Amino acid sequence: MIRFEEDLHPRRLKRLGVSVAVLALAFVLVGGVFAAYGVGPWEAYRTLLEGTLGDSQGLAEVLRRTIPLLLIGSGLTLAFRVRFFNIGAEGQLLLGAVASGAVALFLPTSVLSLPLMFLAGAVAGGLWALPAAWLRSRMDVNEILTTLMLNPVAGYLVIYLVGGPWRGEQVQGYTYTDAFPEAVRLPLWGQTLVHWPTLVLGAVLAVVLQVLLTRTPLGYALRVVGESPRAARYAGMPISRVVLLTGLLSGGAAGLAGAGEVAGIHYRLLEPTQISIGYGFTAIIVAWLARGHPALVLLTAPLMGLILAGGDLLKISLNMPFRIIDVFSGIMLLCLIAGESLSRYRVRWGT
Amino acid sequence: MTEEVLQALLRALSFGTPLLLATLGGIVNERAGVVNLGVEGMMAVGALAAFGLASASGAWPMAVGLAALLGALAALLHGFVTLTLRANTYVSGLALSMLGLGVSGLLGKPYEGAFLFESAPELPFTLAAGGLAVLLWGVLFFTRPGLVLRSVGENPAAADALGIPVLAVRYLAVAFGGALAGVAGAFLSLAYQPAWTDGMTGGLGWIAVALVIFSGWHPLRAVLGAVFFGLLYYLQFRLQSQSQVPTELFAAMPYLLVVGVLALAGVRRSRGAAPAALGRSYQRGER
């Protein structure tokens, strides 16, 4: 007889092993979807790997996709630790792009312009998460639904702006703003689209949030509220303030990513689907893989960056729809949460 | 004038039909205590499957059946992950939505932009959805199976003690919810706009998730909610050509309303109406 026993405190090695196993399973399942679509799984994975890891331009593409995932992912890791399931990073990113775009387009340029763009982006992204955090902390409204619902609202706001009041004077027939002044464009790494200042910012944020979470009294409060709200209440911790702060921080991180995308790559505000290819959703997996440790995002963000860049490649070289990324994301998420549960059990043989 | 109002109401009913179907499914699985955020994905799968079969065979009732079956299977996947493995319900539903949209967009590529020669009539769907609402109301509140279903959502431990197979009831309820989401998708691709385009579900699944809460988990109030949101969609089309207000505002309106509805539900503390064990996994001997 096989018996399952609960294992409430699985060892780290076991959790790691289960994670690797479920990720492998996810790749097998996605391979099955490739086959159903009519593309050989080997061919698809070979294209994906050769075009990303085996090519310097491909590596740069991976890095470019990693940047927003690093920022959003470390913020979400923190939020998930507090059990604030912020699914609205996509919208928060867009609001960050809007606010930094406003700074770039309508304020006179100076040395302060770029820092101001990122600051505005962070504030706007944080504020976009705030209603959901407030509703959750005051009225117990499910934040998954509210943050999610605010994504399309942010999208329509951007569409309205770039097609209406902010539409460029020099552009004809297109829906985007005028180009940002040269002074507010981020420097790039050689001939790539890697805006390295944002990359550095992302790496620093991941480490800072890790330190905040593990080495400060505030981080302690965050952890207690996440792990045991009841204990937090007994200890007199300001739970609703912790939730509000978590919303602000995770939304702010997504806002920074939005500022980076427009200041580093596009140099203008444009259609929402062009600003973000679903970074806010992919970052959920980045954060889930990081298991509550913002610093681990330094590893998990490049992994998902690889998959996003690989999706681009599959689209171009194998003529696949970009939806393949949703398939990857969905299957990986399902396997990850299933694996999380599985690692909480031990298999026992015998009676 | 009266003709225009009638016209608006008819279109609202048509818009509201997929919403009502998916909402009724959601009410059943949430009454059993299971939240499934995968409605959007299950609808997308149903829409593609129905379109594929109907364009190959022309038989739309069979196509609807296939959509229901695939919707139920997708929901069972969610059931396995959340009920048996007891993983996070909300993340699983989200993943199911991504997966459904992804797989349908991928496998539906050959059909992209294709039209159906013989579209299915809208009326049977609308009538069936309305009839189902009444039927579910009757079953949920006046029959023994309804009582069993509700008790599983309210107090699974007590239901278990009475000998009710909690897990089996929940699996059935989840499958039923998925089947209805699949049918809602089939309505879109067979009758409403007899064509297939990637992303044609357009967020309706998420609205349905919110409508479940809006309706207070009550089938008859779901009818009102679906007609209301149907009217909203109609107005969005009707007003966008002739008003000064930006069209994007109308497009964003349903989503803003959902947030408003959720906030209102929070204010009224209508959580009293929510099944007490909603979203919680159940394991014997655990309190």
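Glycine too: its Cβ is placed from the backbone N, Cα and C atoms.
Annotation source TrEMBL lists transmembrane segment at B:6-27 (among others).
What TrEMBL lists as transmembrane segment is B:34-54 (among others).
With a cut-off of 8 Å between Cβ atoms, the residues of this chain six or more beyond the transmembrane segment (B:60-83) that come close are 29, 34, 36, 38, 41-43, 45-47, 49-54, 89, 92-93, 96, 99-100, 118, 120, 167, 170-171, 174-183, 185-186, 190, 281. Among the features that TrEMBL reports, transmembrane segment is placed at B:60-83 (among others).
If one looks beyond the transmembrane segment (B:90-111) by at least 6 residues along the same chain, the residues whose Cβ comes under 8 Å of a Cβ in the stretch are 35-45, 47-48, 51-52, 55, 74-75, 77-78, 81-82, 196, 198-199, 201, 205, 279. What TrEMBL lists as transmembrane segment is B:90-111 (among others).
Taken from TrEMBL, the feature transmembrane segment applies to B:123-142 (among others).
Summarising the annotation, TrEMBL assigns transmembrane segment to B:171-192 (among others).
The list of residues near the transmembrane segment (B:204-235) in space but at least 6 beyond its ends in sequence, with Cβ under 8 angstroms from a Cβ of it, reads 8-9, 11-20, 22-24, 26-27, 30-31, 37-44, 97, 129-130, 132-134, 136-137, 140, 181, 184, 188, 250, 253-255, 257-258, 261-262, 265, 270, 273-275. Summarising the annotation, TrEMBL assigns transmembrane segment to B:204-235 (among others).
According to TrEMBL, the feature transmembrane segment maps to B:247-267 (among others).
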Given pairs 6 or more apart, does the transmembrane segment (B:123-142) have at least three Cβ pairs under 8 Å with the transmembrane segment (B:247-267)?
no
Contacting positions for the transmembrane segment (B:171-192) when only residues 6+ beyond its ends and CB under 8 Å are counted:
14, 17-19, 21-22, 24-26, 28-29, 31-32, 34, 36, 38-39, 42-51, 54, 60, 63-64, 67-76, 78-79, 83, 116, 119-122, 125, 149, 152, 200-201, 204-205, 208
Could you give the residue numbers and ranges of same-chain residues that sit at least 6 residues beyond the transmembrane segment (B:6-27) on either side and whose C-beta is under 8 angstroms from one of its C-beta atoms?
36, 39, 43, 122, 125-126, 129-130, 132-133, 136, 176-181, 183-185, 187-188, 192, 204-205, 207-209, 211-212, 215, 217-219, 222-223, 225-231, 233-235, 238
In the same chain, who gets a Cβ under 8 Å from the transmembrane segment (B:247-267) while lying at least 6 residues past its ends?
203, 206-207, 210, 213-214, 229, 232-233, 235-236, 239-240
